[in-house]
Every structure is written in structure tokens, then in C-alpha cells.
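Trainee: To start, I am sharing the structure in question, which I have written as C-alpha cells.
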Amino acid sequence: MLLPLTIVAFLSSQIIARDHDYCYADDDNPYLYMATKTAYQFVHGGKTRYQTIPNCNPVQIWMLARHGTRYPKKSTITKLHTLPKLRDQIIYNHEIRGFGNLCDKDLKNLQSWNSIQNLTEDMAQYLTVQGEEDLKLLARRLQTNFPELLQPSAANITSTNYKFRSTDSQRTKASLTSFMHGLFGSSNAVTPEHTPANDTLLKAYKVCDSYQETLNDPSVFEESSKFGNGIEIENLLHNVSRRLGFRYNITTTSVGLMYDMCRYEKAWNVTKVSPWCAVFTVDELQILEYQEDLYYYYYTGPSREINARVGCPPLQDMFQHFQKLEGSEYSHQPKGIFYFTHSGSLQTTMTALGIAKDKVPLTASNYKEMSKRLWRTSEIGSFATNIVAVFYKCTTSDSPNKVMFYVAEKPLLFQGCDVGLCDWEYLKNKLGKEAFECSLDFCWDGSGATSLINGSLGILLFPALTLLFLGR
Ligand SMILES: *[C@@H]1O[C@H](CO)[C@@H](O)[C@H](O)[C@H]1NC(C)=O
Ligand SMILES: *[C@@H]1O[C@H](CO)[C@@H](O)[C@H](O)[C@H]1NC(C)=O
Ligand SMILES: *[C@@H]1O[C@H](CO)[C@@H](O)[C@H](O)[C@H]1NC(C)=O
Ligand SMILES: *[C@@H]1O[C@H](CO)[C@@H](O)[C@H](O)[C@H]1NC(C)=O
Ligand SMILES: *[C@@H]1O[C@H](CO)[C@@H](O)[C@H](O)[C@H]1NC(C)=O
Ligand SMILES: *[C@@H]1O[C@H](CO)[C@@H](O)[C@H](O)[C@H]1NC(C)=O
């Protein structure tokens, strides 16, 4: 009785296998989009994409950047230490039981994998060496492209000319110093601005009570958890389990840990192959990517109005700086303003700017239709991702003030602008109200909380009011 069963299991596992001679380790073109744990190296456009703008001179550069590649948080590190056990089972499945479809090379890589040894809890969320490099190289590319602003004489490297500020964490502070070092050859060339405990500029989404209260409402994460229980993930669990030689379905937790190990290792050392990436096909990596995109789409992205509201303080800061450059008296204004923060801040600011706003909302049921979505955290939310805005003075146009936006060093083709180059007056018309009238009062006055879907009362009232309004 045993033999036929084994043969059936063997045959069915062959059917769902990838090409039997496929080896991830030999793949010259692996899929590298890993949602918010994507290495900046694989997505930025800095090598070719900066534009020289004829008849225009840059006079100020404003930047909001996420910290570079970091180590996982403490609870993740603890869980990742269970992977050696899973690895041993996978090896056992292949070598002793004859199940599983990893190629020999991928299996050997997994067998000799031991980088987890050096990952200890005291490193949690610290910036990695690659993370320092991310920011240092970003600084150098900006400097090369904007020499007028970023190659000052030693005497002009001052805290009046260059403003630096980070949130209060090791990874953002170290990102700031790495960037500064890349720019001026020293980590303390300029004294950074003070970081207030209540950081309403760079951490509004964290300090805003009303916003935080909305996160208690499970409906915010409903689509990503629906997707997590849906058919795509179900098939993924099944296929990955068979590929690794398990005859039962492994858990989403195990899959999540392997995915995390794969993408963290790829981001820590961009030239190395992580054996854990061999566990997944491209299709599967894209499914995992979509689940995370869904999560952030509702958490910080365009799906909720409150996300744009907590994203306005950096926008306001940018507009206030640019406003001071409008006239001819701008030579005493700073040349560079550089902020270092977290993905939530970057994403809510992008939401406030209207970046990556899809016409059709992302949901648990439209994965296939959204394959060309704009909201793709791999592209807009990787490690070290950034928004750069450059203010120009131009001579030929009747409107001398222009602004160009870059996201991850790619020009942002803002609607209503000329291949990304925007008239400052147009921008003020379009976004000035959101920017200049930005207020976080709703975060703490209690009244805003209810109208922004706070708790069950809000949930009940909101649709009812909408219906009433529509009924008129
Ligand atoms: C772990 O750290 C030790 C000491 O720094 C080093 O010799 C070893 O190569 C590291 N191992 C891995 C797998 O990175
Ligand atoms: C410093 O910058 C100002 C304004 O950009 C410029 O006029 C001046 O020559 C610079 N100083 C030195 C020492 O380069
Ligand atoms: C943070 O600042 C805002 C506005 O200045 C204030 O209303 C709020 O109470 C502060 N929050 C904390 C925790 O101090
Ligand atoms: C995963 O499983 C589904 C359903 O069993 C199958 O249709 C699909 O082709 C599999 N995908 C891969 C990449 O093996
Ligand atoms: C594993 O999951 C697949 C797809 O959901 C299901 O068809 C199969 O019965 C499950 N296998 C076991 C052993 O539970
Ligand atoms: C990255 O991995 C490659 C290949 O394994 C190795 O040669 C290199 O030293 C590693 N780089 C760092 C910074 O650890």
C-alpha cells in the first residue's frame, strides 16, 4: 500500500514543479521587487535620470528620505532564528525522503546557509553597512547632478546653507550622517536640527492620536487579510510546500519568515544570492508583493483621506521653503534641506502629493487586474526611497519659478506639468491649499476623531450620513 501512495505523491509533486533544471542560484535576472524591503540599488533611477533644464538654475533642493537598509525588528529576529530548523527539514525532505524540487545548487546553498548566527536582537532595526552606503551614494549622485547647490566651498558648508533633520532613531540618524558624509566628506560637517519628542513634521502619523485610533479599526487591514486567506495565497502555500518536500501545507508564518529572510539578505548584500529566495517562483514573489502593497494602500496610501491629512506637514514645509524663493531676494535661503524618516512618513506624504494614485482601488479580489498598478511599494517605498523637489529660477519663461519632483531619483510626471517641470504658480494652485493650510489639530481635539471613522460609532454613522446626502 505504501509504495503506490509514494509514487502518486512523487508524480503530483513533479506536476507542480518548476522546470526541473531551474536553479535560482543561476538565474541572471531574478525578481528583485520585494515591497518595502526592496534594496534601493534595484529601483532608483539615479544613474541616468536627472535632467538639466535649459535656461534654468537650481536654487534649492528639498528632500524627504526613508532610512537605508536596516535589520529586522526584534520580534522578527527572534522568529527568524527558527529558520535553521525549517532548513533542516527541507534538506531532510530532499535527501532522505526524496521529496521536494529544489535544484542541487539551491539545496546546497540552503544547507550551508548560516548568516543567521550573526543576527542578534541587539541589532534590531539598526542601519546596516549597505544602508549607510545607500545614503552615501545617493548624496554623491545628487552632488554630481546639482553642483551649483551641493559643491560649496568649505566656508559655505554651514547650518544656514544646509539643513539636516532626522527622527529620533538610530537608523534615521545614521542615515543622516551617512548622507552628510557622502556630501561633505564628514559626518559632522553641519549640526543637524533638533528633533522634538513630539515630531509633528517627520512622524505626524505616529504622534497623531486620531490617526492611530483609526488603526484599531480592523476594516483598515481587511483587504490585505482577505487576500492573505484567498485563493492566490492558498495555492502559494500548497505549491511552496510541495516544492520544499512537505506533504502537508506549511503555514503562512513559515512562508512569511522565508520571504523576510530572502529579501533582507538581498538588501543587506545586493550581490549575494539568498538561498531563501530559491523557495519562491516569480509569480509567488509577486503575490507576496501585492499583499504588502494592499496593506500599505490602506495603512498609509491613497485609500483613506486621513492618510493625506497626516502626510501634509512635510508638504507644508516644502511649500514654505519654496515660497521664500519667489522674489529676487533668495540668496540667503538654504541650498539644501534634507530630512530622514520612515516609510509611513514617506508614503503619507506621497499620498498628500497625489503620487501613485490608481484609478481603480486595490482590493483582495483584483490582483490580476492591478498588475500594472501605480501603488507599488517596491518602487515608491523601498529602503532609502526619497522625494526630491528642486526649485529653479528660469530666464526665458514668463513664469521664472519652476519646480521639478523626483521619486527615487526618477522624474515625477506630475499632471499639468511639462515633462515633470512644473510652474510654481500652477503647483500653488493645485496643492497650495493642502500645503499651506495643513493642520494637525484634528489629531488631538477629539472632534476630528469621530468624523474620521473612529470606533464603531463612526463606522455606523458614516455610511448613514453618506446615504442621507445622496438621497437628497
Ligand atoms: C559572523 O561574524 C564572524 C565574526 O565577525 C565572522 O567571522 C563570520 O564570517 C560571520 N558569519 C557570517 C555567516 O556572516
Ligand atoms: C558662498 O556662497 C555665496 C552665495 O552662494 C557666494 O556668493 C560666495 O562666494 C560663497 N563663498 C565662498 C567662500 O565660496
Ligand atoms: C504634540 O503637539 C500637538 C500640537 O502642538 C499637541 O496638541 C499634542 O498634545 C502633543 N502631543 C504630545 C504627546 O505631547
Ligand atoms: C500553483 O498552484 C496552482 C493550483 O494548484 C497552479 O495552477 C499553479 O500553476 C501553481 N503555480 C506554480 C508557479 O507552480
Ligand atoms: C493544501 O492546500 C491545498 C490548496 O488549498 C489543498 O487543496 C490541499 O488539500 C491541502 N493539503 C493538505 C494536506 O492539507
Ligand atoms: C557580499 O557577498 C559577496 C558574495 O558572497 C561577498 O564577496 C562580499 O564580500 C559581500 N559584501 C559584503 C559587504 O558583505
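The backbone N, Cα and C atoms fix where each Cβ goes, and this holds for glycine too.
Summarising the annotation, TrEMBL assigns signal peptide to 1-17. For CYS56-CYS394, CYS262-CYS277, the entry in TrEMBL reads disulfide bond. Sequence annotations record features per position, and here TrEMBL assigns transmembrane segment to 452-470.
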Trainee: Rounded to the nearest angstrom, how far is the Cα of CYS277 (disulfide bond) from the Cα of CYS56 (disulfide bond)?
Mentor: 46
Trainee: State which of the following disulfide-bonded residues has the fewest other Cβ atoms within 10 Å around its Cβ: CYS56, CYS262, CYS394.
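Mentor: Lowest Cβ count within 10 Å among the disulfide-bonded residues (CYS56, CYS262, CYS394) is CYS394.
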Trainee: List the same-chain residues at least 6 positions away in sequence whose Cβ sits under 8 Å from the Cβ of CYS277 (disulfide bond), in sequence order, or say none.
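Mentor: Spatial neighbours, sequence-distant, of CYS277 (disulfide bond): TYR24, PRO30, CYS262, ARG263, GLU265, LYS266, LEU285.
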Trainee: Can you see whether DSSP assigns CYS394 (disulfide bond) to helix, strand or coil?
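Mentor: The three-state answer is strand.
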Trainee: Go through the disulfide-bonded residues CYS56, CYS262, CYS277, CYS394 and pull out the ones with a Cβ less than 6 angstroms from some atom of ligand 1.
Mentor: none
Trainee: Under a three-state reduction of DSSP output, how is CYS56 (disulfide bond) classified: helix, strand, or coil?
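Mentor: The three-state answer is strand.
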